[in-house]
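Undergrad: Pasting in a structure now, in C-alpha cells, and then I'll have a few things to ask.
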Number of protein chains: 2
Amino acid sequence: MNERVLVKHLQDLADGPVSVSGWVETVRDQKKVQFVILRDETGAVQLVNPATREVGDDATPEATAALELTETISALATGTFLTVTGHLKKDERVKLGGLEVKLSGLEIAAAALPETPIAADSAQDKRMDWRFLDLRQARNNLIFRVQTTLEHALRTYWIERDYIEIHSPKLMASASESNAELFALEYFGEQTAYLAQSPQFFKQMAQSAGFGKIFEIGDVFRADPSFTSRHATEYTSIDAEISWIDSHEDVASMQEELLAFAFQTVADKHGAEIKELFDIDLVVPTIPFPRIPLAEAVEIVKARGYDIPRTDGDLDPEGERQIFAHVKETYGHEFVFVTDYHPEIRAFYHMRDEESGLTKSYDLLFKGVEITTGAQREHRVEVLEAQAREKGLDPEHLDFYLDFFRYGVPPHGGFGMGLARVLMLMFGESSIREVTYLFRGPTRLAP
Amino acid sequence: MNERVLVKHLQDLADGPVSVSGWVETVRDQKKVQFVILRDETGAVQLVNPATREVGDDATPEATAALELTETISALATGTFLTVTGHLKKDERVKLGGLEVKLSGLEIAAAALPETPIAADSAQDKRMDWRFLDLRQARNNLIFRVQTTLEHALRTYWIERDYIEIHSPKLMASASESNAELFALEYFGEQTAYLAQSPQFFKQMAQSAGFGKIFEIGDVFRADPSFTSRHATEYTSIDAEISWIDSHEDVASMQEELLAFAFQTVADKHGAEIKELFDIDLVVPTIPFPRIPLAEAVEIVKARGYDIPRTDGDLDPEGERQIFAHVKETYGHEFVFVTDYHPEIRAFYHMRDEESGLTKSYDLLFKGVEITTGAQREHRVEVLEAQAREKGLDPEHLDFYLDFFRYGVPPHGGFGMGLARVLMLMFGESSIREVTYLFRGPTRLAP
C-alpha cells in the first residue's frame, strides 16, 4: 500500500512507486498510449498508460489486467474521482511539471456522469448552477485558498493585539440599521424575527460590555432586490470595533495597518500563483493610505472633467473610478480613505464633528470601489437619540440599543468590510459572485 | 498628555504619572479619603483621592478643583466610563495588585444611570436582559478571551495543514438535514427560504469541488422549542470535512489531535486565570482519546447499575454521565468517542459498515456531554439515495445535494461541534447561555 501523495509533493520524490488521488480533468485516448490529466487540491499531473487494445484467448492474467485497465481509462468520464498507483518518472519533456506517472492500477471512488454540464467558459449563471464543478478550476481553488490566508492574517493581526472575537446573533427582534431591506420570519408563532443586516449594534454592545477591542467575521443578510455585481442577499462581513479612540482616524490607521499586513501575508504565500493564474501583480499597500475629504474628492473629480449627477454630495461609481485614477497617478496607491461625509448620507450613529458638522467617518475605496465604511460612533445617549429622531427612526424601537449607552460606554468606533469585495478587486474579477463560495441573490437560493 | 495605560501593564511601570481608562466598579466614599475600583478589559486598579469636603470663600483654584474632584467622585455611578490621570504608586499593602493611583484628574466619557439593574448574582434570565452589563464581570470577560484563543488555535491547526476556510450560505431553498425545526422566511415574495440547520450539505459540496480539506466556523439555526441548558435557536458551529478517508476513524483522529492542540493553547495562555476565577484546573487531553462502541457503552452503563429507559439503543443524558464516570475511572480521561451507532438513530448520509450494518460514525462526549457528531459520509449516490428514501425523505427535494455525488466525489467525512457546549464544559457552567455572547432561544430575541 502506498500512502496518498499530493500532486504538489511529487516533484520532491525520487522516481519510484507512488499513489495519487484526485479527479479526471482530461483523457487523451490515443491508439497506442493513453494520457489522463489528474487534478487534486494542489495541482495536476499527467498519468500515462501504454494501451493494450486486445489480447488473445490464451492471455496471461497480466495481459488481461492490462486490457481491463485500458478499457477503464477509455471509459473514464471527466470529473471521476479515483486513486491511481503507478511509477513516478521525472521527464523534462513533460510540460506539466516535468514528470509523469506510469499507471499500474486504478480504483474509481465515484464515477462522474459522462456529460459535464458546464465548461470553464460557460455563462456565469450556468456556472453558478453547477458551482461545485466550477470550483474545481484551479483559479477558483486559488481564490478560496487566498480567502483562507487573508482571513487568518486579519485574525492573527487582531489576536496579537488582544482583540476579542465575538459571534453576534443574526436573529434580532428589530432592525439593525434601517427598516429597509430586512428579511423577516415568524418566530415560534408569536414574534417576528429579523435577520441582522450588520453586527453594528452588537459590536457596539461589546464596547459597553468593556471588551475594549473586538472583531467578528460572520454572515449578514440584506433583502436587497438589486442585481449588481457587488450586491448579494447574504455575505461575509468583516467587522471591528475599538474603545477609547479620539476620532475615526484611530479606526482608519488600525485598518490600513491591518490590510497592509494581510496583503503582505497573501503576497508572500500566493503571489506567484496569483501572477500565474490571474496575471496580476498583487500590490502590498504602503501606509499611510492617502486620505481625501469628500468635498475635496468631488472637486478633484470635477477638475478631471466629470460632473457627478448625484445631488446628495456623495460620489457615484464613475466618481469613485475617477478618484482611483487620481490617487493612482498622484500617490501610486490603490487605496484611499474618503472622509468627512455629510450626516445626511450617513447612519444616525455616526458621530459629528462639532465645528464642521460633518461626520467623523470614512469610506475606504480599493481600486475605486467602496469596500468599507468606518466611523467614530456617537456615544452620548441624548445626542444619539436626537440623531435617530432626525433620521425619522423611532427611538422606542431602538430602546434596547440605546440602553447600551445609558449605563456607561467608552468613546468608540469601528468599520465593516465586505470580504467578497476585497477578493473581487484583488483578483480583478467583475463580480462578487466569482469569489463567493455559494452566491445568494434575489433569484439565487440554490445550490 | 499621558497615553492610556492598560491596567495589566501598570505593574510594569515605575511610580509616576499615568492615565488609565475604564469603568467604575465600586466607589468607597469615606469622609477623609475616597476609593474607586476602576476596571478595564485587562483588570482592576484602586484609585485613591484624599477628600476635600469644603473650602473657604477665598479658596485657591487648586483647592476649588480638589473640592470638585471630590464631589465628582461622590456622585459617580457604578458603570460610568471615565479616564483618570494620577500618580502610580506601588504599595504592598494594597490588596488589588499591590499598587494604586492617586488621582489628579478625572474625565467622564459617559455617565451611567445611578441604578444598575443587575448584580453578579441576579437570576440568569434577568442577567440576559442586561447582558452587556453581565459581560463586564471579569469571569465573563475571560470566557470570551478563551473563546478567541480556542478558535484561533483550531484555525491555526487547520491552516498549517492546508485546510480551506469556507463560508457556506445560511439561506437555502430546502432543508439541510431534516424538515423539522426549520426557520422559514419569504424570499422576495415568490420563494420560501430556510435557514441552514448546519453547513452539512455545503461542506460536503466542497469535497465534490475538490477542495480536499475544509473547515467552517459559523452560525446555524434551529427552530427548536426546547428550553434545556444545552439548546439554542442560533449557535456557532465548528465544522470540518476531509477527503480520501478510509473510515470515520480518520476524522476522529484529526479531531482529537485538533482538540489536544487547542486545549494546550488555552491552558498555556489562560490556565492560571481559569484557575483563579473559576477554580478549575484545565486538563489538556492526552491522545488517543478512548473509543467505545455504543453497544459496549450500553453494557457498561448497565453493569454500573443504570438501565437506560430509551428503546432506540442510544444513551440518554444519565447514560452519558455514567460513561463519563467510567472513562474517568478507567482511563483518567474527560473525552470519549462513542462509535458504531445504528442507522436508525443516525442521519441518512452516514456511511454504513458492510459487515455490521452499523454507521461509520461517532459521538464525542466531553465530561459526559455530547459535543460532536462525526462520520464518514456515504458517497455512492445510489446507496445515498436509497438511504434517504429509507428515512422517508423525498429524493426530489434532495436533488441539488445528490447532484454533488453524480459528477464524481471522493470518499469523505467530517464532524460538527458546538462551540458553546465546549466552552460550557470547559468552564464548568451549567448552561450554554452563560458562554454565549447573546443567547437566542424560543423566548429570547433581545437584546
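Just so you know, glycine gets a Cβ as well, placed from its N, Cα and C.
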Undergrad: In TrEMBL, A:Gly418, A:Leu419, A:Ala420, A:Arg421 are given as binding ATP, so which of A:Glu370, A:Glu378, A:Glu382 is in that site too?
TA: A:Glu370
Undergrad: In TrEMBL, which of A:24-27, A:200-203, A:244-247, A:296-299 is tagged region 'Aspartate'?
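TA: Feature region 'Aspartate' in TrEMBL: residues A:200-203.
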Undergrad: Can you check which residue among the binding-site residues A:Arg222, A:Arg377 has the largest number of Cβ atoms within 10 Å of its own?
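TA: Of the binding-site residues A:Arg222, A:Arg377, the most buried by Cβ count within 10 Å is A:Arg377.
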Undergrad: Same chain only, sequence gap of 6 or more: which residues have a CB within under 8 Å of the CB of A:Thr373 (L-aspartate binding site)?
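TA: Listed in sequence order, they are A:Ser361, A:Tyr362, A:Asp363, A:Leu364, A:Phe415, A:Gly416.
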Undergrad: Could you put numbers on the helix, strand and coil content of the region 'Aspartate' (A:200-203), residue by residue per DSSP?
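TA: Once the DSSP states are binned, the region 'Aspartate' (A:200-203) shows 4 helix, 0 strand, 0 coil.
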Undergrad: Among the binding-site residues listed here, A:Leu419, A:Ala420, whose Cβ has the fewest other Cβ atoms inside 10 Å?
TA: A:Leu419
Undergrad: Mind giving me a neighbour count for A:Glu370 (ATP binding site)? Other Cβ atoms within 10 Å of its Cβ, every protein chain shown.
TA: 17
Undergrad: Restricting to the region 'Aspartate' (A:200-203), report the mean pLDDT as a whole number.
TA: 96
Undergrad: Centre the Cβ atoms of A:Glu370, A:Gly418, A:Leu419, A:Ala420, A:Arg421, go out 8 Å, and tell me which other residues of that chain have a Cβ in range of the ATP site.
TA: A:Arg230, A:Tyr235, A:Ile371, A:Met417, A:Val422, A:Leu423, A:Met424, A:Ile432
